[in-house]
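Among the features that TrEMBL reports, active site, schiff-base intermediate with substrate is placed at Ser82. The feature pyruvic acid (Ser) is assigned by TrEMBL to Ser82. Sequence annotations record features per position, and here TrEMBL assigns active site, proton acceptor to His87. According to TrEMBL, the feature active site, proton donor maps to Cys102.
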Amino acid sequence: MENSVAKDDSETSSVDQGYVVGKHVYGNLYGVRREILADKDLLEKTMLDAAMASGARIIDMKSWVVQGPKGGVSVIVLVQESHLALHTWVEYGYATVDIYTCGEHTDPRKGLRVVFEVLKPKKHAVHYVIRDSRREEIVASEV
């Protein structure tokens, strides 16, 4: 596990971009301050900003708070190009993030950077996957 955010290189994979169906970045964020993980308003703004940074067009957003032990906040942003999701577990200082976009004009890694800037995890495990219509296997790499 390394503490770096997805790089901004133009080479997303060896896949010809003409066949890419989608780009997917997802991961686990550890050691996030509890007050951040419990702040629904902040997390909503963060995910809307992440959608815009990704180049996606926002359709709707839903969020809710789960009370009690193992509680947290979930934020889902529906975009024309797919979705963004964030789920937090306050007592563990833990969150998961999932940003999936379609279209050459989008880059979910830019949205991930926004999430990292706000949540500031001490550690993380993140993966970037190219969804390619020409292949049955998934082209994945750690970022």
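Note that Cβ sites are derived from N, Cα and C of the backbone, with glycine treated the same way.
Its Cβ placed at the centre, Ser82 (active site, schiff-base intermediate with substrate) has 21 other Cβ atoms within 10 Å. There are 17 other CB atoms within 10 A of the CB of Cys102 (active site, proton donor), with all protein chains counted. The Cβ of His87 (active site, proton acceptor) lies under 8 Å from the Cβ of Gly72, Val73, Ser74, Ala95, Thr96, each of these being in the same chain and 6 or more residues away along the sequence. Each residue contributes its Cα atom, and for Cys102 (active site, proton donor) and Ser82 (active site, schiff-base intermediate with substrate) those atoms are 7 Å apart. His87 (active site, proton acceptor) falls within a strand segment according to DSSP.
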